[in-house]
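Peer 1: Below you'll find the structure I mean.
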(Lines of atoms letter the chains of each structure in order from A and count residues from 1; the text may use other names and numbers.)
(Lines give C-alpha, C1' and ligand atoms only; values in the text may rest on other atoms or scores of the structure.)
Protein backbone atom coordinates (compact mmCIF):
# COMPACT_ATOMS: atom_id res chain seq x y z
CA UNK A 1 0.00 0.00 0.00
CA UNK A 2 0.72 -9.32 -2.35
CA UNK A 3 -0.04 -16.62 -6.34
CA UNK A 4 -2.66 -18.55 -8.20
CA UNK A 5 -3.03 -19.73 -4.59
CA UNK A 6 -2.97 -17.78 -1.38
CA UNK A 7 -3.37 -18.19 2.35
CA UNK A 8 -6.97 -19.23 2.88
CA UNK A 9 -9.38 -16.47 3.83
CA UNK A 10 -10.55 -16.71 7.44
CA UNK A 11 -9.30 -20.05 8.74
CA UNK A 12 -11.60 -21.93 11.12
CA UNK A 13 -14.89 -20.31 10.16
CA UNK A 14 -17.81 -20.24 12.56
CA UNK A 15 -21.41 -21.08 11.86
CA UNK A 16 -24.04 -18.56 10.84
CA UNK A 17 -25.66 -16.68 13.69
CA UNK A 18 -22.81 -17.47 16.05
CA UNK A 19 -23.09 -16.55 19.69
CA UNK A 20 -21.66 -13.32 21.02
CA UNK A 21 -17.99 -13.27 22.03
CA UNK A 22 -16.86 -16.12 19.77
CA UNK A 23 -13.75 -13.96 19.39
CA UNK A 24 -10.97 -13.64 21.97
CA UNK A 25 -11.34 -10.19 23.49
CA UNK A 26 -9.47 -8.19 26.16
CA UNK A 27 -10.72 -8.61 29.70
CA UNK A 28 -10.92 -4.80 29.95
CA UNK A 29 -13.23 -4.60 26.92
CA UNK A 30 -16.87 -4.41 27.99
CA UNK A 31 -18.29 -4.85 24.48
CA UNK A 32 -19.74 -7.95 22.81
CA UNK A 33 -18.40 -9.34 19.52
CA UNK A 34 -19.81 -11.73 16.94
CA UNK A 35 -18.29 -13.34 13.86
CA UNK A 36 -20.64 -14.63 11.14
CA UNK A 37 -20.74 -15.46 7.44
CA UNK A 38 -23.09 -14.31 4.68
CA UNK A 39 -24.56 -16.60 2.03
CA UNK A 40 -22.25 -15.11 -0.62
CA UNK A 41 -19.18 -16.20 1.36
CA UNK A 42 -18.47 -12.80 2.90
CA UNK A 43 -17.31 -12.84 6.53
CA UNK A 44 -18.24 -10.20 9.06
CA UNK A 45 -17.79 -9.09 12.65
CA UNK A 46 -20.37 -7.13 14.64
CA UNK A 47 -19.38 -5.22 17.79
CA UNK A 48 -21.99 -3.97 20.25
CA UNK A 49 -20.63 -0.71 21.70
CA UNK A 50 -23.24 0.47 24.24
CA UNK A 51 -21.30 3.62 25.21
CA UNK A 52 -20.97 5.07 21.70
CA UNK A 53 -23.32 7.46 19.91
CA UNK A 54 -21.54 6.78 16.61
CA UNK A 55 -21.41 3.77 14.34
CA UNK A 56 -18.25 2.74 12.56
CA UNK A 57 -17.86 0.24 9.77
CA UNK A 58 -15.22 -1.10 7.41
CA UNK A 59 -15.09 -3.30 4.35
CA UNK A 60 -11.87 -4.93 3.17
CA UNK A 61 -10.95 -6.90 0.07
CA UNK A 62 -8.22 -9.52 -0.08
CA UNK A 63 -6.34 -7.70 -2.84
CA UNK A 64 -3.73 -4.99 -3.03
CA UNK A 65 -0.73 -3.67 -4.89
CA UNK A 66 0.89 -7.09 -5.35
CA UNK A 67 -2.10 -7.97 -7.52
CA UNK A 68 -1.49 -5.07 -9.91
CA UNK A 69 -1.13 -6.17 -13.52
CA UNK A 70 2.50 -5.82 -14.55
CA UNK A 71 1.68 -3.24 -17.21
CA UNK A 72 -0.40 -0.96 -14.91
CA UNK A 73 1.44 -0.38 -11.59
CA UNK A 74 -0.85 1.31 -9.07
CA UNK A 75 -4.15 -0.09 -10.41
CA UNK A 76 -5.28 -1.45 -7.01
CA UNK A 77 -4.63 1.98 -5.48
CA UNK A 78 -6.50 3.66 -8.33
CA UNK A 79 -9.53 1.43 -7.71
CA UNK A 80 -9.51 2.50 -4.06
CA UNK A 81 -9.88 6.11 -5.25
CA UNK A 82 -12.56 5.42 -7.87
CA UNK A 83 -14.83 2.97 -6.05
CA UNK A 84 -17.18 5.47 -4.39
CA UNK A 85 -17.52 8.07 -7.10
CA UNK A 86 -21.09 7.05 -7.84
CA UNK A 87 -23.07 3.80 -7.98
CA UNK A 88 -26.13 2.76 -9.96
CA UNK A 89 -28.38 3.61 -6.98
CA UNK A 90 -26.51 6.79 -6.00
CA UNK A 91 -25.05 8.03 -9.32
CA UNK A 92 -23.86 11.49 -8.23
CA UNK A 93 -20.07 11.22 -7.74
CA UNK A 94 -20.00 13.59 -4.76
CA UNK A 95 -23.12 12.19 -3.09
CA UNK A 96 -21.29 9.93 -0.64
CA UNK A 97 -19.00 12.69 0.64
CA UNK A 98 -21.98 15.06 0.88
CA UNK A 99 -23.92 12.47 2.86
CA UNK A 100 -21.01 12.00 5.28
CA UNK A 101 -20.70 15.75 5.80
CA UNK A 102 -24.42 16.10 6.53
CA UNK A 103 -24.39 13.15 8.93
CA UNK A 104 -21.29 14.24 10.86
CA UNK A 105 -19.30 11.38 9.42
CA UNK A 106 -15.82 10.71 8.09
CA UNK A 107 -14.15 8.13 5.90
CA UNK A 108 -10.76 6.93 4.74
CA UNK A 109 -9.14 4.05 2.88
CA UNK A 110 -5.76 2.50 2.21
CA UNK A 111 -4.20 -0.01 -0.17
CA UNK A 112 -1.34 -2.16 1.03
CA UNK A 113 0.34 -5.18 -0.53
CA UNK A 114 -2.47 -7.69 -0.03
CA UNK A 115 -5.38 -5.76 1.44
CA UNK A 116 -7.55 -2.81 0.48
CA UNK A 117 -9.50 -1.40 3.41
CA UNK A 118 -12.29 1.22 3.41
CA UNK A 119 -13.51 2.59 6.75
CA UNK A 120 -16.11 5.10 7.91
CA UNK A 121 -18.03 6.52 10.83
CA UNK A 122 -21.41 8.25 11.05
CA UNK A 123 -23.89 9.24 13.70
CA UNK A 124 -25.90 6.17 14.57
CA UNK A 125 -29.10 7.64 13.11
CA UNK A 126 -27.40 7.62 9.67
CA UNK A 127 -25.95 4.13 10.04
CA UNK A 128 -28.43 2.24 7.85
CA UNK A 129 -28.25 4.65 4.91
CA UNK A 130 -24.46 4.78 5.17
CA UNK A 131 -24.27 0.99 4.85
CA UNK A 132 -26.61 1.09 1.86
CA UNK A 133 -24.44 3.65 0.10
CA UNK A 134 -21.29 1.76 1.04
CA UNK A 135 -22.40 -1.73 0.00
CA UNK A 136 -20.05 -2.11 -3.00
CA UNK A 137 -22.89 -2.77 -5.44
CA UNK A 138 -22.63 -1.56 -9.07
CA UNK A 139 -19.95 1.17 -8.91
CA UNK A 140 -20.00 3.36 -12.03
CA UNK A 141 -16.26 4.07 -12.40
CA UNK A 142 -17.09 7.26 -14.26
CA UNK A 143 -14.48 8.19 -16.87
CA UNK A 144 -14.94 11.89 -16.22
CA UNK A 145 -13.18 11.47 -12.85
CA UNK A 146 -10.31 9.35 -14.16
CA UNK A 147 -7.89 12.25 -14.64
CA UNK A 148 -8.78 13.87 -11.32
CA UNK A 149 -8.08 10.71 -9.31
CA UNK A 150 -4.88 9.94 -11.24
CA UNK A 151 -3.69 13.44 -10.32
CA UNK A 152 -4.61 12.82 -6.67
CA UNK A 153 -2.55 9.62 -6.66
CA UNK A 154 0.34 11.40 -8.37
CA UNK A 155 0.23 14.09 -5.67
CA UNK A 156 0.43 11.37 -2.98
CA UNK A 157 3.49 9.93 -4.66
CA UNK A 158 5.17 13.33 -5.05
CA UNK A 159 4.92 13.80 -1.27
CA UNK A 160 6.70 10.47 -0.75
CA UNK A 161 9.66 11.22 -3.02
CA UNK A 162 11.72 13.31 -0.50
CA UNK A 163 11.29 10.65 2.20
CA UNK A 164 14.69 8.98 2.53
CA UNK A 165 13.32 6.01 4.45
CA UNK A 166 10.70 5.27 1.81
CA UNK A 167 13.22 5.55 -1.01
CA UNK A 168 15.79 3.34 0.73
CA UNK A 169 13.20 0.66 1.51
CA UNK A 170 11.89 0.81 -2.07
CA UNK A 171 15.44 0.38 -3.41
CA UNK A 172 15.81 -2.79 -1.32
CA UNK A 173 12.43 -4.17 -2.42
CA UNK A 174 13.22 -3.36 -6.06
CA UNK A 175 15.78 -6.20 -6.08
CA UNK A 176 13.09 -8.80 -5.29
CA UNK A 177 11.78 -11.23 -7.86
CA UNK A 178 8.09 -11.04 -8.74
CA UNK A 179 5.62 -8.32 -7.77
CA UNK A 180 7.38 -7.25 -4.56
CA UNK A 181 9.83 -5.35 -6.76
CA UNK A 182 7.17 -3.26 -8.48
CA UNK A 183 6.13 0.33 -7.90
CA UNK A 184 3.00 0.10 -5.75
CA UNK A 185 1.61 3.61 -5.36
CA UNK A 186 1.16 4.54 -9.01
CA UNK A 187 1.64 7.98 -10.55
CA UNK A 188 0.60 9.94 -13.62
CA UNK A 189 3.07 7.99 -15.75
CA UNK A 190 1.94 4.47 -14.79
CA UNK A 191 -1.78 5.34 -14.67
CA UNK A 192 -2.09 7.77 -17.57
CA UNK A 193 0.84 8.47 -19.89
CA UNK A 194 2.07 4.89 -20.36
CA UNK A 195 -1.38 3.22 -20.62
CA UNK A 196 -2.46 5.76 -23.24
CA UNK A 197 0.72 5.18 -25.23
CA UNK A 198 0.07 1.42 -25.15
CA UNK A 199 -3.62 1.77 -26.03
CA UNK A 200 -4.74 0.48 -22.61
CA UNK A 201 -8.21 1.56 -21.49
CA UNK A 202 -7.62 2.23 -17.79
CA UNK A 203 -11.30 2.20 -16.79
CA UNK A 204 -11.90 -1.12 -18.56
CA UNK A 205 -8.92 -2.61 -16.73
CA UNK A 206 -10.30 -1.16 -13.50
CA UNK A 207 -13.67 -2.87 -14.05
CA UNK A 208 -11.96 -6.19 -14.81
CA UNK A 209 -9.89 -5.90 -11.63
CA UNK A 210 -12.98 -5.10 -9.57
CA UNK A 211 -14.97 -8.01 -11.04
CA UNK A 212 -12.12 -10.40 -10.39
CA UNK A 213 -11.34 -9.57 -6.77
CA UNK A 214 -14.26 -7.69 -5.20
CA UNK A 215 -16.53 -10.66 -4.56
CA UNK A 216 -18.08 -12.06 -1.41
CA UNK A 217 -15.67 -14.83 -0.49
CA UNK A 218 -12.76 -12.42 -0.98
CA UNK A 219 -14.17 -9.69 1.30
CA UNK A 220 -15.05 -8.97 4.92
CA UNK A 221 -17.16 -6.38 6.74
CA UNK A 222 -16.99 -5.02 10.29
CA UNK A 223 -19.56 -2.92 12.15
CA UNK A 224 -19.20 -1.23 15.56
CA UNK A 225 -22.40 0.31 16.85
CA UNK A 226 -24.60 0.92 19.88
CA UNK A 227 -27.17 -1.24 18.07
CA UNK A 228 -27.54 -4.88 19.10
CA UNK A 229 -25.51 -7.63 17.47
CA UNK A 230 -28.66 -9.06 15.90
CA UNK A 231 -29.59 -5.71 14.37
CA UNK A 232 -26.08 -5.15 13.01
CA UNK A 233 -25.98 -8.63 11.49
CA UNK A 234 -29.40 -8.14 9.90
CA UNK A 235 -28.27 -4.85 8.33
CA UNK A 236 -25.08 -6.34 6.91
CA UNK A 237 -26.99 -9.28 5.48
CA UNK A 238 -29.54 -6.94 3.91
CA UNK A 239 -26.98 -4.56 2.40
CA UNK A 240 -24.17 -6.94 1.43
CA UNK A 241 -25.83 -10.19 0.36
CA UNK A 242 -26.10 -8.55 -3.07
CA UNK A 243 -22.32 -8.48 -3.48
CA UNK A 244 -21.38 -11.09 -6.08
CA UNK A 245 -20.34 -14.42 -4.60
CA UNK A 246 -17.86 -14.92 -7.43
CA UNK A 247 -17.80 -16.40 -10.90
CA UNK A 248 -19.02 -19.73 -12.28
CA UNK A 249 -16.20 -21.96 -13.48
CA UNK A 250 -16.50 -24.62 -16.18
CA UNK A 251 -18.08 -27.02 -13.67
CA UNK A 252 -20.65 -24.42 -12.67
CA UNK A 253 -19.03 -23.96 -9.26
CA UNK A 254 -18.88 -20.40 -7.94
CA UNK A 255 -15.31 -19.21 -7.64
CA UNK A 256 -13.80 -16.01 -6.32
CA UNK A 257 -10.09 -16.21 -7.07
CA UNK A 258 -7.50 -15.35 -4.51
CA UNK A 259 -4.30 -13.50 -5.34
CA UNK A 260 -3.13 -14.13 -8.87
CA UNK A 261 0.40 -12.83 -8.59
CA UNK A 262 3.57 -14.81 -9.22
CA UNK A 263 4.50 -17.17 -6.39
CA UNK A 264 8.22 -17.00 -7.16
CA UNK A 265 10.44 -16.81 -4.10
CA UNK A 266 11.30 -13.09 -3.88
CA UNK A 267 14.84 -13.47 -2.54
CA UNK A 268 17.57 -16.04 -3.20
CA UNK A 269 21.31 -16.15 -3.86
CA UNK A 270 20.86 -14.32 -7.18
CA UNK A 271 19.60 -11.07 -5.64
CA UNK A 272 21.07 -11.03 -2.13
CA UNK A 273 24.61 -10.34 -1.00
CA UNK A 274 24.15 -6.89 -2.58
CA UNK A 275 25.23 -3.38 -1.63
CA UNK A 276 23.08 -0.44 -2.78
CA UNK A 277 24.67 3.00 -2.65
CA UNK A 278 21.96 5.62 -3.05
CA UNK A 279 21.45 9.34 -2.97
CA UNK A 280 20.03 10.86 0.20
CA UNK A 281 17.87 13.98 0.11
CA UNK A 282 18.57 14.45 3.81
CA UNK A 283 21.76 15.61 5.48
CA UNK A 284 21.61 12.56 7.77
CA UNK A 285 23.25 9.34 6.47
CA UNK A 286 21.70 5.96 7.23
CA UNK A 287 22.63 2.32 6.73
CA UNK A 288 20.11 -0.46 6.09
CA UNK A 289 20.65 -4.21 6.40
CA UNK A 290 17.72 -6.30 5.14
CA UNK A 291 17.01 -10.03 4.98
CA UNK A 292 14.43 -11.76 2.79
CA UNK A 293 13.11 -14.40 5.20
CA UNK A 294 10.40 -17.04 4.68
CA UNK A 295 6.77 -15.97 5.20
CA UNK A 296 5.74 -15.85 8.86
CA UNK A 297 2.10 -14.68 8.72
CA UNK A 298 0.78 -18.16 9.49
CA UNK A 299 3.15 -18.40 12.49
CA UNK A 300 1.57 -15.42 14.23
CA UNK A 301 0.92 -17.37 17.45
CA UNK A 302 4.69 -17.77 17.94
CA UNK A 303 5.54 -14.18 16.86
CA UNK A 304 9.10 -14.96 15.68
CA UNK A 305 9.51 -11.57 13.98
CA UNK A 306 8.34 -9.70 17.08
CA UNK A 307 10.93 -11.57 19.13
CA UNK A 308 13.62 -10.80 16.55
CA UNK A 309 12.78 -7.10 16.45
CA UNK A 310 12.92 -7.00 20.26
CA UNK A 311 16.43 -8.50 20.16
CA UNK A 312 17.53 -5.99 17.54
CA UNK A 313 16.10 -2.83 19.12
CA UNK A 314 17.04 -3.77 22.69
CA UNK A 315 19.06 -0.89 24.17
CA UNK A 316 20.13 -2.36 27.51
CA UNK A 317 23.54 -3.52 28.69
CA UNK A 318 25.39 -5.44 25.99
CA UNK A 319 23.02 -4.41 23.19
CA UNK A 320 23.90 -3.59 19.59
CA UNK A 321 22.37 -0.12 19.94
CA UNK A 322 24.50 0.69 22.98
CA UNK A 323 27.64 -0.68 21.34
CA UNK A 324 27.18 1.53 18.25
CA UNK A 325 26.55 4.59 20.44
CA UNK A 326 29.62 3.94 22.61
CA UNK A 327 31.77 3.69 19.48
CA UNK A 328 30.31 6.95 18.20
CA UNK A 329 29.01 5.25 15.06
CA UNK A 330 25.25 5.70 15.37
CA UNK A 331 22.59 7.76 17.07
CA UNK A 332 19.81 5.21 16.80
CA UNK A 333 18.69 1.86 15.45
CA UNK A 334 15.25 0.59 14.46
CA UNK A 335 13.85 -2.57 12.83
CA UNK A 336 11.58 -2.38 9.76
CA UNK A 337 9.31 -5.26 8.69
CA UNK A 338 7.18 -6.10 5.65
CA UNK A 339 5.17 -9.33 5.97
CA UNK A 340 3.16 -10.93 3.18
CA UNK A 341 2.13 -14.41 2.11
CA UNK A 342 5.33 -15.08 0.15
CA UNK A 343 8.03 -13.42 2.25
CA UNK A 344 9.04 -11.57 5.39
CA UNK A 345 11.40 -8.69 4.67
CA UNK A 346 13.20 -7.75 7.90
CA UNK A 347 15.39 -4.66 7.90
CA UNK A 348 17.65 -2.92 10.40
CA UNK A 349 17.93 0.84 9.90
CA UNK A 350 20.92 2.54 11.55
CA UNK A 351 21.00 6.34 11.90
CA UNK A 352 24.67 6.99 11.32
CA UNK A 353 26.88 9.68 12.77
CA UNK A 354 29.40 11.28 10.44
CA UNK A 355 31.98 8.90 11.92
CA UNK A 356 29.65 5.97 11.21
CA UNK A 357 29.16 7.09 7.61
CA UNK A 358 32.93 7.24 7.14
CA UNK A 359 33.41 3.84 8.79
CA UNK A 360 30.29 1.97 7.64
CA UNK A 361 32.36 -1.21 7.24
CA UNK A 362 32.91 -1.13 11.00
CA UNK A 363 29.16 -0.61 11.54
CA UNK A 364 28.46 -3.70 9.42
CA UNK A 365 31.03 -5.68 11.40
CA UNK A 366 29.27 -4.80 14.65
CA UNK A 367 25.83 -5.66 13.22
CA UNK A 368 26.90 -9.09 11.99
CA UNK A 369 28.95 -9.74 15.14
CA UNK A 370 25.76 -9.18 17.13
CA UNK A 371 23.67 -11.39 14.84
CA UNK A 372 26.33 -14.12 15.05
CA UNK A 373 26.34 -13.71 18.84
CA UNK A 374 22.55 -14.15 19.00
CA UNK A 375 22.70 -17.16 16.71
CA UNK A 376 25.51 -18.83 18.66
CA UNK A 377 23.89 -18.30 22.06
CA UNK A 378 20.33 -18.97 20.94
CA UNK A 379 17.16 -17.27 22.12
CA UNK A 380 16.02 -18.84 25.37
CA UNK A 381 12.57 -19.75 26.60
CA UNK A 382 12.85 -17.50 29.67
CA UNK A 383 13.00 -14.32 27.57
CA UNK A 384 10.23 -15.39 25.19
CA UNK A 385 7.94 -16.43 28.04
CA UNK A 386 8.24 -12.98 29.62
CA UNK A 387 7.55 -11.35 26.24
CA UNK A 388 4.46 -13.56 26.04
CA UNK A 389 3.38 -12.55 29.54
CA UNK A 390 3.81 -8.87 28.70
CA UNK A 391 1.80 -9.29 25.48
CA UNK A 392 -1.02 -10.93 27.47
CA UNK A 393 -1.07 -8.06 29.95
CA UNK A 394 -1.02 -5.47 27.17
CA UNK A 395 -3.80 -7.26 25.31
CA UNK A 396 -6.12 -7.87 28.24
CA UNK A 397 -5.82 -4.29 29.51
CA UNK A 398 -6.58 -2.80 26.09
CA UNK A 399 -9.51 -0.39 26.18
CA UNK A 400 -11.82 0.32 23.21
CA UNK A 401 -10.18 2.65 20.72
CA UNK A 402 -11.09 6.33 20.73
CA UNK A 403 -11.45 6.11 16.93
CA UNK A 404 -14.35 3.85 16.06
CA UNK A 405 -13.57 3.79 12.33
CA UNK A 406 -9.85 3.10 12.81
CA UNK A 407 -10.77 0.18 15.06
CA UNK A 408 -13.18 -1.15 12.43
CA UNK A 409 -10.38 -0.94 9.84
CA UNK A 410 -8.00 -2.88 12.06
CA UNK A 411 -10.56 -5.63 12.70
CA UNK A 412 -11.31 -5.92 8.97
CA UNK A 413 -7.63 -6.22 8.13
CA UNK A 414 -7.12 -8.84 10.83
CA UNK A 415 -10.17 -10.86 9.77
CA UNK A 416 -8.59 -11.23 6.33
CA UNK A 417 -5.24 -12.23 7.85
CA UNK A 418 -5.79 -14.36 10.96
CA UNK A 419 -8.24 -16.87 12.38
CA UNK A 420 -11.52 -15.13 13.29
CA UNK A 421 -10.99 -16.05 16.96
CA UNK A 422 -7.85 -13.87 16.92
CA UNK A 423 -9.25 -10.98 14.88
CA UNK A 424 -8.84 -8.55 17.79
CA UNK A 425 -5.47 -9.81 18.96
CA UNK A 426 -3.98 -10.19 15.48
CA UNK A 427 -0.21 -10.34 15.79
CA UNK A 428 -0.10 -8.41 19.06
CA UNK A 429 -0.52 -11.49 21.28
CA UNK A 430 2.34 -13.95 21.67
CA UNK A 431 0.35 -17.12 22.31
CA UNK A 432 2.96 -19.87 21.95
CA UNK A 433 6.20 -18.96 23.73
CA UNK A 434 8.40 -21.17 21.56
CA UNK A 435 11.78 -19.67 20.52
CA UNK A 436 12.68 -22.39 17.99
CA UNK A 437 11.31 -20.57 14.93
CA UNK A 438 13.10 -17.38 15.97
CA UNK A 439 16.36 -19.32 16.21
CA UNK A 440 15.73 -20.87 12.79
CA UNK A 441 15.31 -17.40 11.27
CA UNK A 442 18.55 -16.23 12.89
CA UNK A 443 20.33 -19.03 11.02
CA UNK A 444 19.33 -17.37 7.75
CA UNK A 445 20.56 -13.89 8.64
CA UNK A 446 24.01 -14.09 7.09
CA UNK A 447 25.87 -11.47 5.00
CA UNK A 448 25.48 -13.51 1.80
CA UNK A 449 21.70 -13.38 2.28
CA UNK A 450 21.57 -9.67 3.10
CA UNK A 451 20.82 -6.58 1.05
CA UNK A 452 22.72 -3.58 2.39
CA UNK A 453 21.75 -0.02 1.46
CA UNK A 454 23.69 3.14 2.28
CA UNK A 455 21.70 6.38 2.01
CA UNK A 456 24.44 8.93 1.42
CA UNK A 457 24.09 12.75 1.39
CA UNK A 458 27.41 12.95 -0.50
CA UNK A 459 26.46 10.37 -3.14
CA UNK A 460 26.91 12.54 -6.23
CA UNK A 461 30.47 13.49 -5.29
CA UNK A 462 31.51 9.87 -4.76
CA UNK A 463 29.80 7.69 -7.36
CA UNK A 464 30.11 7.46 -11.12
CA UNK A 465 28.06 5.44 -13.64
CA UNK A 466 24.98 5.45 -11.43
CA UNK A 467 21.40 4.62 -12.41
CA UNK A 468 18.31 6.74 -11.78
CA UNK A 469 15.06 5.21 -10.58
CA UNK A 470 12.16 6.18 -12.89
CA UNK A 471 9.61 6.62 -10.08
CA UNK A 472 11.50 8.24 -7.20
CA UNK A 473 14.21 9.93 -9.26
CA UNK A 474 16.79 8.64 -6.82
CA UNK A 475 20.32 8.06 -8.08
CA UNK A 476 21.78 4.71 -7.05
CA UNK A 477 24.30 2.01 -7.84
CA UNK A 478 24.00 -1.70 -7.00
CA UNK A 479 27.18 -3.65 -6.31
CA UNK A 480 27.88 -7.23 -5.33
CA UNK A 481 29.04 -7.57 -1.75
CA UNK A 482 32.61 -8.88 -2.14
CA UNK A 483 32.63 -12.59 -1.33
CA UNK A 484 35.61 -12.33 0.99
CA UNK A 485 33.81 -9.62 2.99
CA UNK A 486 30.66 -11.75 3.25
CA UNK A 487 32.64 -14.79 4.38
CA UNK A 488 34.62 -12.75 6.91
CA UNK A 489 31.50 -11.14 8.43
CA UNK A 490 29.69 -14.49 8.57
CA UNK A 491 32.25 -15.82 11.05
CA UNK A 492 32.93 -12.64 13.00
CA UNK A 493 33.12 -13.08 16.73
CA UNK A 494 32.26 -10.21 18.99
CA UNK A 495 34.79 -8.28 21.00
CA UNK A 496 34.88 -9.95 24.45
CA UNK A 497 32.12 -8.58 26.70
CA UNK A 498 30.79 -6.37 23.89
CA UNK A 499 27.41 -8.09 23.77
CA UNK A 500 25.09 -9.81 26.21
CA UNK A 501 21.90 -11.71 25.60
CA UNK A 502 18.89 -9.57 26.58
CA UNK A 503 17.63 -10.84 29.93
CA UNK A 504 14.00 -11.82 30.60
CA UNK A 505 11.77 -8.78 30.98
CA UNK A 506 11.75 -7.08 34.34
CA UNK A 507 9.00 -5.06 36.04
CA UNK A 508 6.10 -7.12 34.70
CA UNK A 509 3.37 -8.64 36.90
CA UNK A 510 3.81 -12.35 37.52
CA UNK A 511 0.11 -12.98 38.15
CA UNK A 512 -2.13 -13.73 35.19
CA UNK A 513 -5.39 -12.95 37.03
CA UNK A 514 -4.89 -9.25 37.84
CA UNK A 515 -7.93 -7.59 39.37
CA UNK A 516 -8.98 -3.96 39.53
CA UNK A 517 -9.01 -2.79 43.14
CA UNK A 518 -12.03 -0.76 44.26
CA UNK A 519 -11.84 2.79 45.48
CA UNK A 520 -8.81 3.94 43.49
CA UNK A 521 -10.59 6.27 41.10
CA UNK A 522 -11.89 9.77 41.44
CA UNK A 523 -9.43 11.39 43.85
CA UNK A 524 -10.45 15.04 44.11
CA UNK A 525 -6.80 16.03 44.54
CA UNK A 526 -3.44 14.24 44.75
CA UNK A 527 -2.58 12.89 48.21
CA UNK A 528 0.82 13.53 49.77
CA UNK A 529 2.16 10.15 50.90
CA UNK A 530 5.81 11.01 51.62
CA UNK A 531 7.51 14.32 52.33
CA UNK A 532 11.23 14.29 53.02
CA UNK A 533 11.33 18.06 53.50
CA UNK A 534 14.50 19.85 54.45
CA UNK A 535 17.36 20.10 52.01
CA UNK A 536 16.36 16.90 50.22
CA UNK A 537 13.30 18.69 48.88
CA UNK A 538 11.65 15.39 47.94
CA UNK A 539 7.91 14.76 48.03
CA UNK A 540 5.87 11.81 46.72
CA UNK A 541 2.23 12.28 45.74
CA UNK A 542 -0.49 9.75 44.84
CA UNK A 543 -3.06 10.90 42.30
CA UNK A 544 -5.15 7.75 42.00
CA UNK A 545 -5.34 5.05 39.40
CA UNK A 546 -6.48 7.34 36.60
CA UNK A 547 -8.95 6.86 33.81
CA UNK A 548 -7.75 3.42 32.70
CA UNK A 549 -7.48 0.27 34.77
CA UNK A 550 -3.91 -0.65 33.88
CA UNK A 551 -1.44 -2.72 35.97
CA UNK A 552 1.32 -0.15 35.82
CA UNK A 553 2.69 2.82 37.69
CA UNK A 554 3.77 6.16 36.29
CA UNK A 555 6.60 8.10 37.94
CA UNK A 556 7.14 11.76 37.13
CA UNK A 557 10.20 13.52 38.47
CA UNK A 558 10.01 17.31 38.64
CA UNK A 559 12.97 19.49 39.51
CA UNK A 560 12.73 23.14 40.54
CA UNK A 561 15.37 25.81 40.86
CA UNK A 562 15.20 28.82 43.13
CA UNK A 563 14.28 32.21 41.74
CA UNK A 564 17.73 33.64 42.27
CA UNK A 565 19.22 30.82 40.12
CA UNK A 566 16.74 31.17 37.26
CA UNK A 567 19.17 33.04 35.01
CA UNK A 568 20.00 31.89 31.47
CA UNK A 569 23.23 30.12 32.47
CA UNK A 570 21.52 28.16 35.25
CA UNK A 571 18.65 27.16 32.98
CA UNK A 572 21.12 26.02 30.32
CA UNK A 573 23.11 24.04 32.87
CA UNK A 574 19.88 22.48 34.10
CA UNK A 575 18.90 21.44 30.58
CA UNK A 576 22.31 19.87 30.00
CA UNK A 577 22.12 18.05 33.34
CA UNK A 578 18.66 16.67 32.51
CA UNK A 579 19.84 15.53 29.08
CA UNK A 580 22.82 13.79 30.67
CA UNK A 581 20.54 12.15 33.24
CA UNK A 582 18.19 10.94 30.49
CA UNK A 583 21.16 9.44 28.62
CA UNK A 584 22.44 7.82 31.82
CA UNK A 585 19.02 6.31 32.57
CA UNK A 586 18.31 5.30 28.97
CA UNK A 587 18.82 1.58 29.56
CA UNK A 588 16.64 1.44 32.67
CA UNK A 589 13.89 3.60 31.21
CA UNK A 590 13.89 1.52 28.02
CA UNK A 591 13.45 -1.67 30.08
CA UNK A 592 10.60 -0.03 31.99
CA UNK A 593 8.91 1.21 28.81
CA UNK A 594 9.16 -2.29 27.36
CA UNK A 595 7.16 -3.47 30.36
CA UNK A 596 4.36 -1.07 29.49
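Backbone N, Cα and C define each Cβ position, glycine as well.
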Peer 1: Could you look at 147, 156, 166, 231 and say which one Swiss-Prot places alongside 77, 81 in the Zn(2+) site?
Peer 2: 156
Peer 1: Could you tally the C-beta atoms, other than its own, that fall within 10 angstroms of the C-beta of residue 156 (Zn(2+) binding site)?
Peer 2: 15
Peer 1: By a simple count, how many Cβ atoms lie within 10 Å of the Cβ of residue 77 (Zn(2+) binding site), its own Cβ left out?
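Peer 2: Result for residue 77 (Zn(2+) binding site): 27 neighbouring Cβ atoms inside 10 Å.
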Peer 1: Relative to the Cβ of residue 81 (Zn(2+) binding site), which residues of the same chain, six or more apart in sequence, are found under 8 Å away?
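Peer 2: Within the chain, residue 81 (Zn(2+) binding site) has Cβ neighbours under 8 Å at 149, 152, 153.
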Peer 1: Whole-number answer please: how many Å between the C-alpha atoms of residue 156 (Zn(2+) binding site) and residue 80 (active site, proton acceptor)?
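Peer 2: Between the Cα atoms of residue 156 (Zn(2+) binding site) and residue 80 (active site, proton acceptor), the distance comes to 13 Å.
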